[in-house]
Amino acid sequence: MSQPILVFDSGIGGLSVLAEIRKLLPHHDYCYLFDNARLPYGELEEQELVSGCVALIDQVVERTHAAIVVVACNTASTVVLPALRATLSIPVVGVVPAIKPAAQLSKSKRIGLLATPGTVKRHYTYELISQFADDCHVELFGSSELVLMAEQKIATGQLDMARLTQVLSPIVTADLDVLVLGCTHFPMLRDELQQVLGKGVTLLDSGEAIAKRVKTLLAETKSEQQVQEDANRDSVMQAFYTKAKISEGLVSMLVDCGFSTLERITTINSNR
C-alpha cells in the first residue's frame, strides 16, 4: 500500500464520501478508519471527541504513511480539525455542510439542515448560515437515531420505514424545498429519505465537493510520474475499526466494497 488516502468517520457514513473520491481517483490506495466504539459522535462531549479522534487518526497515519486525511464526519469536522492539523504534517480535509449551495439552489428560500445534535448546536454551523444563507429561513433538525438507522440498514439490509417517517415528520411539515444532509451517514438513506419527503425536496450533501478538493490537493503533492504510476495499478483498500466485534453483515458489505483487509485498532476508548 503506497501513501493511501485515509478516510475517517465514526461509522460507515464516511463510505459515501469515499465512494465519491474513488470516482475521481479510482486507482489510488485507501484506508477507511471508523471509530464505531464511540458511535454516535453527536452525543460526546467536545474535549472527549477531539482527544480521541486526534489520537486515533495520528496512530493510523503513522502506521500507514497516509498522504492525506479526510475527516468524513460533520460532527468531528466542526471541532477536531484545528487540533488534527496541528498534530499532523499532511493535508487534512474536513466536511462542511452544503449550506451555501442549498441557499443558492432554493427557490422558496426555505431550507433545512439535517445533522447530528452535535453539529446542529455548534457555533460553526450558525456561522455558515449567517455567512451563506442570510437571505433564507433555515430550519435545523438534529437526530442521532438516523445515524443508528443507517448503520442498521448497512449491517442487516433492513430499515423501519414507519419509524423513519415519524423521525422525519417535523421536516415534512416544515415546507422546505432543499434539505442539506449534514451527516455523512445520511446519504446512505437517500432513497428512503426522498421517499418520505417527496420529490419536492432536493437533498444535498458534500461528497462531490470533498472529492474534488482531495484530487486537487494530491495533484499539488505528487509528481506527474507518481500520478501516472498510480493510474497503472490496482487500488488496495484496508479498513480499521475500534469496536470489539462487528456484524457479519458489515463485514460482508466492506468486502463487497473492495476492502481486502479488516482490522480492529485498540485504543483506550474502544473497549465496548
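Note that Cβ sites are derived from N, Cα and C of the backbone, with glycine treated the same way.
Annotation source Swiss-Prot lists active site, proton donor/acceptor at CYS73 (among others), citing sequence analysis. In the three-state DSSP assignment, the secondary structure recorded for CYS73 (active site, proton donor/acceptor) is coil.
Taking a C-beta cut-off of under 8 angstroms and a sequence separation of 6 or more, CYS183 (active site, proton donor/acceptor) has the following same-chain neighbours: GLY13, GLY42, CYS73, ASN74, THR75, LEU114, ALA115, THR116, THR119, LEU146, VAL147. As annotated by Swiss-Prot, active site, proton donor/acceptor applies to CYS183 (among others), with the evidence given as sequence analysis.
Among the features that Swiss-Prot reports, substrate binding site is placed at ASP9, SER10, TYR41, GLY42, ASN74, THR75, THR184, HIS185, with the record citing sequence analysis. Here the Cβ of SER10 (substrate binding site) has 29 other Cβ atoms within 10 Å, regardless of which shown protein chain they belong to.
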| field | Sorted by sequence, non-ASP9, SER10, TYR41, GLY42, ASN74, THR75, THR184, HIS185 residues with Cβ within 8 Å of centre, substrate | value | GLY11, GLY13, PRO40, CYS73, ALA76, THR116, THR119, VAL147, CYS183
| said: Quick check: in three-state DSSP terms, what is GLY42 (substrate binding site)? | reply: helix
